[in-house]
Every structure is written in structure tokens, then in C-alpha cells.
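Quick look at what TrEMBL annotates:
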| type | residues | note |
| --- | --- | --- |
| ACT_SITE | D74 | active site |
| ACT_SITE | C77 | active site, nucleophile |
| SITE | E262 | site 'Linear diubiquitin binding' |
| ACT_SITE | H287 | active site |
Amino acid sequence: EEDMYRDAEEIEREKILLCETSSSEYKLSVSPEMDIMEYCRKEWRGNTPAAKRMRKGYEAVAQKFASIRRVRGDNYCALRATLFQALSQATQLPSWLQSEDFAMLPENLLSKYDWIKQWQLKQKLGRKMGDISDEIKEYLILLRKKWKNISEIKGPIEKQEACDKLFKNEEEEYSLYEALKFLMLNTAIELYNDDKNGRRVPVFSWLLFARDTSSNPCQLMHNHLNHIGHSGGLEQVEMFLLAYALQYTIQVFRLYKYSTDEFITLYPNDPEEDWPVVTLITEDDRHYNIPVRMCQETML
């Protein structure tokens, strides 16, 4: 498969790096933090135009953040990076997680849309039809429980330790991603119905349903959401959907877009003022890492 952003030399270098790195490190969902410029020097040593652009991009990010944490690069990485950042800085339970009927969401949606029975859960392909509602309900309850527990931890070190522990528990971690995907489906259904009923919807919603592969929520589920974590990650327009589902602004430093207007991209680009902000880094819009330790002058 052709790589649009890196030349052969850089791809080969990455393969060597992967071989050199111990397999245990790659089991970590979110690696320990390291100095952001040290990471950049290690990753982008070449003199290609792409490598020079990446170094400039990392230098710009280093004006605001001191360190980086590498996120495991599977097809869940956008969900993983976003959720990790949201939980790391959570101080309260979001209002949408507090609603009484939150846990009833799968049951309510399945009563209206029979096609949701074809939702594909990770590594559970042999299940009987009809038990999907209870399973997703469990995932949603787990999401609320973990978010509540972590948001109530006052000390930043203890909060970070709780996040690290959660993202080392593979079973719980992947259950949370299923919950996020289902919330994305629910948001897509709401937006689709709002548009059909003449209500105002954000521009990304038109783009989401303008694709041949997702002209309605059923197609979106079959052709996109069911594949996230299995055979594909989040596309650009689905980053907007994730932001709306969580009611968070996702700010992304897109390093390959350095020196353009798209270097810092917001999802959504017209965020609600009261939405919290999480920040991610990407080199190619496919894999996301996490910047940490905001520099003091930026905080002031």
C-alpha cells in the first residue's frame, strides 16, 4: 500500500524501530511520557522535506507542551487518545452521562431501528441475535462508572495513575470504545433526524451523510462504525461525530499540515463555548498521540 506522507527511507526506519522496541512496550495502550523534542529527534532524523516539516511541527507543539505519550497504533487509536485525554482532565461527570435514561439508550434505539441488531461488537462474532442490547448497556454503565470515579479524584498524580491503570485493563478499555462507538451512532441518528425534520444541523453532518457509503445511519453503521477498531480507524468527518457525541472540542496538531491554516484543526470548528477541550497530535490523520505537560507560560 502506498504511503502518501512518508518516503521509503522513513518507512524502513520505522520498521527497524518497531523491531528494536521490546514487545512489552507495545502492549501498553498509552506509553509513558517522554520529552517531545527528544521524541521528534528519535522519529524524524532524515533530511527529506517531510522530516523537516515534522521537526518544525514538533517545535511549534513544544512551545505549548513539554512531553508526549505515544498511543498504541491500532484502529482504535483516535478513540483511545481522545478518551484518555478526556478522563485525564475530567473534574465532573458530563451532563449527558448523568441523564436517567442514559443506560436505556440501546433498548430505546433497538425498539425503533431493528437494523441495529447487526452492530458488530469486538471479538464477539458468534453471539446470538437479540442479546446485543444488554451488552452495550453494560458498556455504557461502565463508561459512566469509570468517568465518575476518575473525575472525583482530586490529586493530579492519583488521577493520572487511575487513567494509566484503566488503559492497561484490555477488557475494560475495549468495552469503553464500544460505548463510544454506540454514542457516535446515537448522535448520527439524532443529526440525521434533525436534518430530515428541517432543524439546523452542523455542516459536518451534511458531509457525513453525503458519502455514498453513509447516506443514512444504517449505512454509516454497516460501512464505517462496525469497522472502527477492526479494519479501519476514524476518518476526518467521524472525528467531528466523536466530538459531538462526547460534547468535547478535539483540538489536533496536524504536523504534516505545518505552516498551513490546517496545522491546528478543531473538531468541531465552531465549538460550543462550554465544551471542554482535549488536545491530540497526528502526523498523518490516521494515528494520534497525546501531548502532555502544558508549558507554564501557555497556562498563564
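Quick reminder: no glycine exception, Cβ is built from N, Cα and C everywhere.
Recorded features from TrEMBL, shown on the structure.
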residue : record                            : Cβ contacts under 8 Å, 6 or more apart
D74     : active site                       : G229
C77     : active site, nucleophile          : V71, G233, H287, Y288
E262    : site 'Linear diubiquitin binding' : R254
Cβ neighbour count (within 10 Å, all chains shown) around H287 (active site): 18
